[in-house]
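Trainee: If you scroll down you'll find the structure; I have some questions about it.
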Amino acid sequence: MNKKGLTVLFIAIMLLSVVPVHFVSAGTPPVSSENSTTSILPNQQVVTKEVSQAALNAIMKGQPNMVLIIKTKEGKLEEAKTELEKLGAEILDENRVLNMLLVKIKPEKVKELNYISSLEKAWLNREVKLSPPIVEKDVKTKEPSLEPKMYNSTWVINALQFIQEFGYDGSGVVVAVLDTGVDPNHPFLSITPDGRRKIIEWKDFTDEGFVDTSFSFSKVVNGTLIINTTFQVASGLTLNESTGLMEYVVKTVYVSNVTIGNITSANGIYHFGLLPERYFDLNFDGDQEDFYPVLLVNSTGNGYDIAYVDTDLDYDFTDEVPLGQYNVTYDVAVFSYYYGPLNYVLAEIDPNGEYAVFGWDGHGHGTHVAGTVAGYDSNNDAWDWLSMYSGEWEVFSRLYGWDYTNVTTDTVQGVAPGAQIMAIRVLRSDGRGSMWDIIEGMTYAATHGADVISMSLGGNAPYLDGTDPESVAVDELTEKYGVVFVIAAGNEGPGINIVGSPGVATKAITVGAAAVPINVGVYVSQALGYPDYYGFYYFPAYTNVRIAFFSSRGPRIDGEIKPNVVAPGYGIYSSLPMWIGGADFMSGTSMATPHVSGVVALLISGAKAEGIYYNPDIIKKVLESGATWLEGDPYTGQKYTELDQGHGLVNVTKSWEILKAINGTTLPIVDHWADKSYSDFAEYLGVDVIRGLYARNSIPDIVEWHIKYVGDTEYRTFEIYATEPWIKPFVSGSVILENNTEFVLRVKYDVEGLEPGLYVGRIIIDDPTTPVIEDEILNTIVIPEKFTPENNYTLTWYDINGPEMVTHHFFTVPEGVDVLYAMTTYWDYGLYRPDGMFVFPYQLDYLPAAVSNPMPGNWELVWTGFNFAPLYESGFLVRIYGVEITPSVWYINRTYLDTNTEFSIEFNITNIYAPINATLIPIGLGTYNASVESVGDGEFFIKGIEVPEGTAELKIRIGNPSVPNSDLDLYLYDSKGNLVALDGNPTAEEEVVVEYPKPGVYSIVVHGYSVRDENGNPTTTTFDLVVQMTLDNGNIKLDKDSIILGSNESVVVTANITIDRDHPTGVYSGIIEIRDNEVYQDTNTSIAKIPITLVIDKADFAVGLTPAEGVLGEARNYTLIVKHALTLEPVPNATVIIGNYTYLTDENGTVTFTYAPTKLGSDEITVIVKKENFNTLEKTFQITVSEPEITEEDINEPKLAMSSPEANATIVSVEMESEGGVKKTVTVEITINGTANETATIVVPVPKKAENIEVSGDHVISYSIEEGEYAKYVIITVKFASPVTVTVTYTIYAGPRVSILTLNFLGYSWYRLYSQKFDELYQKALELGVDNETLALALSYHEKAKEYYEKALELSEGNIIQYLGDIRLLPPLRQAYINEMKAVKILEKAIEELEGEE
């Protein structure tokens, strides 16, 4: 158990797991803008873009720390820990099996992870969340003719028949269920058929059941244990609205004493703590505010082994059940009652008494899954049922004619009733859990004897390729420990490429959900052929197994086949915790997954019994090879593909036959891959190769597949062929492959003549002498429909769908489309972007939808027949809109003394796509500002802007980096640090648009995600920044209020512009908003907002300065960049004035000059830029100035800071003398030379304690004093007539000299001394009951001391002792011990006062 678990913060990210709600609420038009879509994009660095964005969010929110999962390179774990600690990171936990660390780190330090060579990858410790149950629409059911049972779902996969025929029921197999926990005393999860205990292990890797029992007490008076202590208890994770993070709420509870009666602890010491209701109402009293006393005792003298929980909150343990650790004693107790008992266990107890962990299933999901895997009731009637109904499809409709509102607990028989369960809680009672908890649970199960790990959890994100942390863990644990992972595909279907993580793991058996036939209620009308009858009638919707509409479809983003198989997952009846009621129906791939876990248990059970060799690869292969292909709907002719079902419905008897057939043979291993450049998503992949072809947006003509055979013969003959005619291998038929040698198979994809649609096929590589197919390459291509002038840029479909069947429509959205509009005549549909992510979660109903600025590429519209009657019909329409205005730059040139305030400009509106009947809305004028900025690799550029009231649109764009191939990301935050918009594409050309932003201050942030020179070294790039704020202030009027245009038609419009006579010259922004009447009425979305730019009299400059930092007193070259603000082209021959010097820009619009900063922290450089036809610009640049690296020897050593080239200044000599005793006067005399009448600046460092600093000399123009962390700096400006002599005098206390090394050692030692003393006193203060206000004050000084000490650690690279001579350590070490001393003094005083009262 990780005792540090309660310090972890989670990033709250919604992830899929079980079953989604598929419907948008009625009455709300669905509208989406692709500008506001969060992108999680590719990375080839340690820090992913997701982590970078989270770090930036934390910085903007003022969050001090964030928590990451970091994977280290093999054998580099300790080195990585050392390097991370040098950054000031805290190692919260470690997983040595997977070389992973859980790390708390300051967000501003995250970028430095990219430069630690021992690290591989960093991920967020994301929060995983189960989804709510599916709710069907318009489906009614009749009363059941038979009591509900699981047998139909186990029968359809041949599990019951397999057990009856072969006798292997899962005995000897352990299945770990990673979920919300399992009811430890459920009647169907109590024993196996041969009487063995069903649940053999119960572990909790969440924080839910954790109790801090580090408090020990020994004073017992008449059976009463004296506590008299105030406890601070972390009561649970709660969303902090200000930071957006899940954080623990710490509550204070005082306990005076508890009754223990005759309960004894062998060593006389009792450990005590409080169990809070973190996520579950344990006593069902309507709140989660209770704290349950917990008592640990050492019953034998061999360590703490027994726990008591005061479940009735009477502070009396004598009426409670003693619990030993479950996997030792198998003790179970009842916490409380609801519909039935809430059973719980002691999952873990620390032998030293420091903590205890309790377990229960407060959600129900885990118990349902466990029942499906291995539920068993000794009174079950499975065999009677099987003999009565086996082989009759109609029985399923009778069985599934349930009434959801009147379910009674009946027999539950799991797929593998003889298997034993390892209950691993990784999700809390609220259905949430952290990614680290899940990985820890996976590791524990793999290393503690699990044969199968069943994971009905997961979530989706763009571009999942199996490189996320959970998937990496799945693959590594499979390789290292031979455990079989069975994982849910997810419930975000039926769009393609939507399988979630960790289901995308290569080694996982990923499971989709099938639906067995059920009875449904359908309103019968004349249209269905019943002229005399109306109303709901019940009959089977279909008679063969289908794929559940919600099941996530493949392929994986790199083309790999996912899911691998399907199993029943719709309306599954299984066990639920007894407190809920014992059993019920649930749907989802979460329910399908345990069916396959049970099948794997059956196969392994038989293999163990018969001595058949197996491993995870073999089990996966025989499952796939034995699966039953599901054809689809015979009435509509709709068919399923590998994307829907993988290899088909699991069939345990067929897989068993194959497993036996290959026993004793050596199967050849065949692998394949192709370069990722063939993929549409190459730039987003975290891997270098693809495992299949997923041609979503473009189809390669030829792909070169690399094939490699490894086996027990030098050569082997394989048959290579394609399952579809459009896949044409250049080599087909028999091919002889050489062992351990790559063979390149060229394949042509002949798509000419294919109708629009989705095409899926495989390339088979098969040794016909074996009972399995050795290898296969999945190929998925999309042939989209096109918007054309002939179809008025409108596509329509009228479809007939069978129940649980899916219709896919793909269409291409070209570049430059303003709005994508979609609608249906009746049934719901899904809309998916070209990257595979849904636009609206999850289904759209009859309300029209609009997507502004849609992502270019091939979109998918998909709809399903749900569980409705055969041949349901619906029509769909999609349309694109796009308009352009020419010219889009308008010029107004006023003449001298012109009094005119009205100006007219003609422009053309051209309708590019679908016909429009539109209203024109002019908006303007507004501001237009352009500048040239800079950002370094991994750094952030931040600029504040103020958005005024009445702003109709805020548009920000960046681009044109000086370093080619830079990847810059653009973010916009509000004044509270909330992310408003982002563009995170893998380029430097980014744009965000916010319509009608709230007035206030915003921050523009540009992240230099990857800025590398041609050699791959980190560097700095400049970029253009344009900020436009368009205000609706009535400056623009049009001569037309509305227009009607067909495709490619134009109209001339006159804009009448009103400006004041004294309106400043420059560049301004405006918008012509075009509202198609139908689209706007349906969705409240304009079909276009065309930006226009108005230039009044003169243009503006856009200027930038690079670099943006410097060191005090150190001269360096700076470059001023001058561009045209509108075109962003360089402006040559512009006059630039900096100080007293004048320059001309070169052909690149740049001026390079030398400058040395003379102010610490921030210095200013003011420039004036002039040119004809441009407004004169005066701008002051702020540069960040750091203190120079300085030692004691550098004190009083002057440096030449700044001079003009003409001055040619040099320091001729320096003399220093001092006099006096304790208070010493120091004189520094400097002689410098330079060109007459020119100026120069010098910097003289003096000791930090110097006082009464004076500067004298005939030619001193001015001087100033800057105080740094290590010294003071005298900045002196002189003007030359001849060699100039400058004198600096100051006084300083010169008492007994103590070296820097000694002072640092004293600070270090005193801090550690006081820190140790603080820990002792704080514990004593808690025991004595010191008030919370005093404790909090002491803690604040203690934490401040810790921060200063960590700063010293950071400066010394984690080794203070070796750096004691470093002057930089002096301030933080001094502050560390001073603050720790204050904390100690506060506690000493409080304790003294309380003890004095006694």
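Yeah, the Cβs are placed from backbone N, Cα and C, and that goes for glycine too.
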Trainee: According to Swiss-Prot, N-linked glycosylation site sits on which of Asn35, Asn739?
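Mentor: Going through Asn35, Asn739 one by one, Swiss-Prot annotates Asn739 as N-linked glycosylation site.
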Trainee: Asp179 (active site, charge relay system): which of the recorded positions Asn222, Asn228, His365, Asn663, Asn908 is the nearest Cα neighbour?
Mentor: His365
Trainee: Relative to the Cα of Asn1056 (N-linked glycosylation site), which of the glycosylation sites Asn222, Asn257, Asn651, Asn1233 has the closest Cα?
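Mentor: That would be Asn1233, nearest by Cα distance.
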Trainee: Restricting the comparison to the glycosylation sites Asn257, Asn908, Asn1117, which residue's C-alpha is spatially nearest the C-alpha of His365 (active site, charge relay system)?
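Mentor: In terms of Cα distance, His365 (active site, charge relay system) lies closest to Asn257.
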Trainee: In whole Å, note down how far the CA of Asn222 (N-linked glycosylation site) lies from the CA of Asn228 (N-linked glycosylation site).
Mentor: 16
Trainee: Which of the recorded positions Ser590, Asn651, Asn739, Asn908, Asn1233 has its Cα nearest to the Cα of Asn257 (N-linked glycosylation site)?
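Mentor: Spatially nearest to Asn257 (N-linked glycosylation site) by Cα position is Ser590.
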Trainee: Can you see whether DSSP assigns Asn663 (N-linked glycosylation site) to helix, strand or coil?
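Mentor: The three-state answer is coil.
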Trainee: Just jot down the residues in the same chain as Asn663 (N-linked glycosylation site), at least 6 apart in sequence, with C-beta under 8 A of its C-beta; none if empty.
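Mentor: Long-range Cβ contacts: Ile612, Tyr613.
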Trainee: Expressed to the nearest Å, what is the distance separating Asn222 (N-linked glycosylation site) and Ser590 (active site, charge relay system) at their Cα atoms?
Mentor: 53
Trainee: In whole Å, how far does the CA atom of Asn1233 (N-linked glycosylation site) lie from that of Asn1117 (N-linked glycosylation site)?
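Mentor: Asn1233 (N-linked glycosylation site) and Asn1117 (N-linked glycosylation site) have their Cα atoms 22 Å apart.
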Trainee: Taking only the Cα atoms, work out how far Ser590 (active site, charge relay system) lies from Asn1117 (N-linked glycosylation site), in Å, as a whole number.
Mentor: 62
Trainee: For the domain 'Peptidase S8' (154-656), what's the mean pLDDT in this predicted model?
Mentor: 87
Trainee: Between the recorded positions Asn257, Ser590, Asn651, Asn908, whose Cβ has more other Cβ atoms within 10 Å than any of the rest?
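Mentor: Answer returned by the neighbour count: Ser590.
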Trainee: Around the Cβ of Asn739 (N-linked glycosylation site), how many other Cβ atoms lie within 10 Å? Please give the count over every shown protein chain.
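Mentor: For Asn739 (N-linked glycosylation site), the 10 Å Cβ neighbour count is 14.
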